[in-house]
């Protein structure tokens with residue numbers, strides 16, 4: 001039977017020897033009144049806040065009864081770009097918390113008639129919805145909406161252009177934590193592929209740095225590496241896949257973001273697979289217990305082979321499962 005009286009957060013060591021307060025059923029992470037409810041970027045969270053969210057997500061994974069956390073609160077998945085995993089896992093997370101969930105997809109909405117994203121948000125706010133999970137094609141679009149939202153409204157960034165995808169970063173950290181433990185200081189992490197166009201990579205790199213990972217290696221063709229300070233926390237930046245994989249504990253391979261690319265950045269998919277695709281043979285350069293990650297959707301035979309994606313070192317479906325738990329923790333923080 002799940003333990004419905006799990007305390008959150010656990011008592012600190014400073015209270016040792018004193019009489020503990022009685023357990024409170026269905027307790028949740030505390031949030032100071034001045035803490036923003038929005039989650040727009042992992043830059044907005046410090047290490048302690050990231051760890052607290054990961055630990056709360058793990059508690060949800062243990063099966064605690066969460067059906068009353070957001071009972072009666074409206075949550076809308078406001079997606080202006082296509083999505084499968086992120087949209088459905090946010091909807092599943094909100095349902096498990098007891099929220100009233102509304103779905104929105106731009107292709108079947110008044111956005112096709114010229115309605116702006118802000119007008120869409122304001123109209124759904126007027127229906128009594130407090131939580132918005134927003135995906136948009138433009139960098140910074142979610143933050144711009146958050147700045148004009150009502151005082152009781154919380155926005156969660158579900159991916160904005162090339163900028164950030166904070167809940168993907170969190171679920172990736174939870175997946176690493178489950179496989180490798182809470183101490184990241186001894187880990188070597190290789191991030192492979194189209195980093196230039198990847199909001200996932202940007203969120204992962206922020207989270208890895210804040211959690212004190214031992215070494216980050218970035219690898220990809222020069223045309224797909226960012227020219228700004230995105231890679232400033234990387235110990236090595238290379239176009240040599242074998243060097244990036246050598247003795248790696250974690251291999252993160254990224255989708256080619258062809259919808260965001262200018263022509264000519266990748267000469268051919270076959271050539272990309274030859275130079276940067278994760279195959280069984282290339283993976284032998286990593287540690288024998290290395291895990292392989294991919295944010296999805298995968299281009300099989302381009303970024304990764306079937307044998308690796310479906311093999312024993314793959315944690316790709318574990319990432320998907322962890323997405324629901326992490327998004328429950330994020331929604332609770334925002335609206336609980």
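Using the three backbone atoms N, Cα and C, a Cβ is placed for every residue, glycine included.
Note that the coordinates shown come from a computational prediction; the quantities given were computed from them, not determined experimentally.
What TrEMBL records for this protein:
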BINDING   85, 86, 135, 165, 168, 296, 297  carbamoyl phosphate binding site
BINDING   113, 199, 255  L-aspartate binding site
DOMAIN    37-178  domain 'Aspartate/ornithine carbamoyltransferase carbamoyl-P binding'
DOMAIN    186-332  domain 'Aspartate/ornithine carbamoyltransferase Asp/Orn-binding'
REGION    1-36  region 'Disordered'
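Here the features listed in TrEMBL are placed on the structure.
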| residue | record | DSSP (3 states) |
| --- | --- | --- |
| 85 | carbamoyl phosphate binding site | helix |
| 113 | L-aspartate binding site | helix |
| 135 | carbamoyl phosphate binding site | strand |
| 165 | carbamoyl phosphate binding site | coil |
| 199 | L-aspartate binding site | helix |
| 255 | L-aspartate binding site | coil |
| 296 | carbamoyl phosphate binding site | coil |
Record lists 85, 86, 135, 165, 168, 296, 297 as binding carbamoyl phosphate; longest Cα-Cα distance in Å? 16
Round to a whole number and give the Cα-to-Cα distance in Å for the pair residue 199 (L-aspartate binding site) and residue 165 (carbamoyl phosphate binding site). 6
Please find, for 113, 199, 255 as listed binding L-aspartate, the greatest distance between any two Cα atoms, in Å. 31
Please determine which of the binding-site residues listed here (113, 255) has the lowest count of neighbouring CB atoms within 10 Å. 113
What is the three-state DSSP composition of the domain 'Aspartate/ornithine carbamoyltransferase carbamoyl-P binding' (37-178), stated as helix, strand and coil residue counts? 68 helix, 29 strand, 45 coil
Taking the recorded carbamoyl phosphate site as 85, 86, 135, 165, 168, 296, 297, identify the other residues of that chain whose CB atom sits within 8 Å of the mean position of the site's CB atoms, giving them in sequence order. 83, 84, 158, 159, 200, 295
For residue 135 (carbamoyl phosphate binding site) and residue 113 (L-aspartate binding site), determine the Cα separation and express it in whole Å. 19
Rounded to the nearest Å, what's the C-alpha distance separating residue 85 (carbamoyl phosphate binding site) and residue 255 (L-aspartate binding site)? Just drop the number here, would you? 14
Given the binding-site residues 86, 165, 168, 296, which lie within 10 A of residue 255 (L-aspartate binding site) by CA-CA distance? 296
In the predicted model, what is the mean pLDDT computed over the domain 'Aspartate/ornithine carbamoyltransferase Asp/Orn-binding' (186-332)? 95
Using a 10 Å radius around each Cβ and all protein chains in view, which of these binding-site residues has the most neighbours: 296, 297? 296
